[in-house]
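Undergrad: Checked TrEMBL, it gives:
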type	residues	note
DOMAIN	25-54	domain 'C2H2-type'
Amino acid sequence: MAMATALEPGAEVDSAAGSADVPRIRCPACFRQFPSDEKLVRHLEKAGHTMHEPQCGACHKHCFCFESLREHILGRLAKKECAAEFSRRGCNLCMTFLESEDALTTHRLQCQFLNPGPAGKVLKPVMEHSRKRIKATPQGSAQTPLFSEECQSEAVALDCEMVGGGKDGSINICARVCLVDEHENVLLNTYVQPVLPVTDYRYEITGIKPTDFNDAPSLKRIRAVVKRILGDKLLLVGHDLRHDLACLNLDYPPELLRDTATYQLLVKTSGVSHKLRYLTEVFLGLDTHKLSLIFAVESDNRDKTRCPSIA
């Protein structure tokens, strides 16, 4: 009888009752519930919710990252109302809710994300474009075209391949450097002479062979070339750039770095970064592993053409 009285509408909450009877205060942004105003305030100070966070277009819940938003709308424990609205007028690329189905049709033609192909399939036009760019840049060359007035590049992407040194191959040694501008022009694509003896070429990952270092320029020369290209005004884009900059022994202004490994909207719900392969498959529809294998086979074929005696 006492329990029935406690559950009646309008009855006061007993302070000695269980935690289920304690009134909860909800965060207006992420909808998390807290037992007191003090804990809610501490949460708001720590979370720092802003209008730039991914939001559900149906219930307007703020999410920590895009993966969290996908789980909220499309996950196994998705909110049914939001999932139903998203299936009717939601873009499955940028997770945006449109006003109507007609608006969704128009939006898909100009969505900010490329339309990904089927899982595991590489988009052919992008592949062909990339092959031409890579073939146009001589291997082992440190020549870098200057920025023309027509290009007006504001961002450059950097990636370094590293081989292993030391007894167990755990020391990272810079072996290849590539720079690409925002228009997909290859500014630099060259092997680098290792500064230490190589004990692990990590071929399954890098595709690098000992013969690739023949006539390769020194790290000192390539570092100077990279510094000349970047200057101190371009945005530097990459994945886990701290390792690339460390192997080149370069410092760059933190405010000019755009790192997909630390960008809050692209990390996992736990705050840990995704693999680059996962990000390219989800947002670009590209399988980087297949691309690297294709380029490695093409490189081997070119080597066999130059040296027919190689089996």
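Glycine is treated like the rest: Cβ placed from N, Cα and C.
A quick note: this is a predicted structure, and the numbers were derived from the prediction, not measured.
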Undergrad: For the domain 'C2H2-type' (25-54), find every same-chain residue at least 6 residues outside the stretch whose CB is under 8 Å from a CB in it, and list them.
TA: 19, 61-66, 68-69, 95, 265
Undergrad: Quick one: mean pLDDT on the domain 'C2H2-type' (25-54)?
TA: 87
Undergrad: Helix, strand, coil residue numbers for the domain 'C2H2-type' (25-54) per DSSP?
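TA: Across the domain 'C2H2-type' (25-54), DSSP assigns the residues as follows: 11 helix, 4 strand, 15 coil.
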